[in-house]
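If you check TrEMBL, you get these features:
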ACT_SITE  Cys429  active site
DOMAIN    20-50  domain 'UBA'
DOMAIN    142-468  domain 'SAM-dependent MTase DRM-type'
REGION    93-126  region 'Disordered'
Amino acid sequence: GRESSSDDSGYEDFMREMSERDEKINSLVNMGFSEDEANRAIIRCGADADICVLVDSVSASRVAEDCHSRNLSDHQVTDRCFNSFGGRKKARLMEESRKKRKRYGGGGQGNRPSLDGSDEESMPLPNPMVGFNLPGYSGSSVTRMLSKLDTGPPFFYYENVARAPKGEWAKISRNLFDIQPEFVDSLHLCAAARKRGYIHNLPIENRSPLLPLPPKTIFEAFPHYKKWWPSWDTRTHLNCLQTCVASAKLTDRIQRALVSSSNPPPKSVQKDVMDECKKWNLIWVGKNKVAPLEPHEMELLLGFPRDHTRGVGKTQRYKSLGNSFQVDTVAYHLSVLRRMFPNGVRVLSLFTGIGGGEVALHKLGIHMRVVISVEIGEASKKIFRSWWDQTQTGTLIEIDDVKSLTNDRVASFISQFGGFDLVIGGSPCNNLAGSNRHHRDGLEGKHSALFYDYVRILNFVKSTMAGRRM
Ligand code: SAH
């Protein structure tokens, strides 16, 4: 809160602050947050904080709580990973199986996952979240058998946030040939968490990671921060990199709290500071001084070349990096294409963003003969185009809106280029991600429904190529 003052104007200030505070609490409550959440956000950010800063703070707090509860439930489902469809789902699947083939991609050792779960349509996330296999992970690896109709070409690769509302991954899977999602937390490959689900029809044997392996801990990535890192901050990894970062107000407040504390600070101060550091991915850049990661540091953690996003405003850089693929993770999955396509690949890239998929292919040494890139964001397009011009020799065709990529246009690209080898994309997660609960209306939400355009286009490519035996 503000500093106290003994004169009358101080009292007026105080009264004004109290009524502003009440107004803000009211607004937050009207948005659907609890009074308690609103109060805590005001304590964290100050009564003079802008309402959107407060909304961010409540949302970030919920993410942190979600992560916590997710960890607990991850723990409970350890033994059930990959075999988690629920009871009513079982009935529906059996019904569907009469009508069409069912093609699950295998649970442990290639078996179809058991359908004897308990919750309807829940798809608990595996723990550890290492997908079907990961380098250096010695758990039992998975083999899977896809039906002939589901294997490529065209290969496809779809990505979205792992922690979507209940039932959404089952729905995504149903729309993508009932192939089982591969859930991976990039934490197992690099120094920052990123829990994502991937549905694809790529082989999962003989994958190879990008070399050199990325830094796996905060200090490996940023050794120079060791100097300022207090012993009571025991983090070795950062949390998921988000689209927005902490305000200077928050970092100043933390610094002031530490300067006026003993060294080491009391446990209660340590806890408050650590809560904020974890929530906002703050790092120690000076004595008692925390700061958000710089965009180039996020680029490093996400596997992009340094300055990949340079040339657009900082807010845009954070936004596009927060939405992007973790390149090492995606490259590990795509690495199997190298042997299959020694002459390069023709890519249909939906929701290209800043080109995480393309950067992965490039780093794998896979030539992109053609990329049809569909991306609506001006900043992302600029970033991607500039990277392409600097590194690629193939053909790039850009399309703004996935809605304008009609089946007719896809058909003409297929005739022009002789088909696609890879259809890749992660559709917007705005209505799925935990940090956006008040618009968290799932796949049918305004943004997330673009998933159905991915499905439409993929199905069209598949059927057209099958028809022409490409
Ligand atoms: N995989 C990408 C990021 C995907 S995030 C990467 O590595 O960077 C989803 C992307 O979909 C965002 O970049 C967003 O701008 C884009 N998008 C949203 N609506 C779209 C639309 N109607 N058509 C095409 N792209 C869209």
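Start at 1 and count along the chain as shown; that gives each residue its number.
In case you wondered, yes, glycine gets a Cβ from its N, Cα and C as well.
Taken through DSSP, the domain 'UBA' (20-50) splits into 22 helix, 0 strand, 9 coil. Under 8 Å, Cβ to Cβ, and six or more positions away along its own chain, the residue listed as 'active site' finds Asn160, Val161, Ala164, Asn323, His447, Ser448.
Following the DSSP three-state reduction, the secondary structure of Cys429 (active site) is coil.
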